[in-house]
Ligand SMILES: O=C(O)CCC(=O)C(=O)O
Ligand SMILES: [Mn+2]
């Protein structure tokens, strides 16, 4: 699949770490119909990001589970770990029920959460799904984090460390044909518009955060595809709120 529209990245100065600059550099993409993505190129200083990377790489009990996709069992194409507060409803995805570790087991995760909450005051997160992509062969396929336990408009804050990888978003196929009122437009105009509006891509940098909110999980799917040139490890943390 070719993605013709590449959202322009805001320029990040590695030394601009204060709140004012984070706000200035952030890129807000209104996906329409109440869905929104915000990209912050750097919420954690370069040096601190490498410290977190080393901690996470060495101390998290990474696991590569067998999952079920379209009725078939396969090895998940990336390492994972799950952290959740006490009493939080158990997560199950692709037939897999990850063991919920406690936030107290990994204090640096609370430090990262504090940084996230400084950038997103008023947001709430009680669980965290961690992913480790050991190289360009590791990926996450097209999906939406639309499990019922997150509610209808979940906010997901996704923090990245290490190797830069592409992150793609595209509108759910059923939605683009059902809900977009484009029937009366000429086909050429419709196609041009579709290219620009129905898919977006971001390069997720070391120390960055991408936030999905509103109806993004209901109406859009996202992926981190295989990349032959991505030789080193990337770690991604997705902070989520499970409804109680
Ligand atoms: O690695 C990423 O940036 C995305 C991970 C993701 O979509 C997920 O864990 O649900
Ligand atoms: Mn996801």
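The backbone N, Cα and C atoms fix where each Cβ goes, and this holds for glycine too.
Automated prediction, rather than curation, is the source of TrEMBL annotations.
Binding of 2-oxoglutarate is attributed by TrEMBL to 131, 133, 143, 234, 238, 240, and the same site annotation extends, among 99, 222, to 222. Region 'Disordered' is the annotation TrEMBL gives to one range among 1-24, 25-48, and that range is 1-24. In this structure, 131 are the binding-site residues from 71, 131, 133, 146, 234 whose C-beta falls under 6 Å of some atom of ligand 1. Ligand 2 lies within reach of none of the binding-site residues 70, 72, 131, 133, 146, 240, judged by a C-beta closer than 6 angstroms to any of its atoms. Per Cα geometry, 146 is the residue among the binding-site residues 70, 71, 72, 146 nearest to residue 238 (2-oxoglutarate binding site). Of the listed binding-site residues, namely 131, 238, the sparsest Cβ surroundings within 10 Å are found at 238. Around the Cβ of residue 143 (2-oxoglutarate binding site), a 10 Å sphere holds 13 further Cβ atoms from the protein chains shown.
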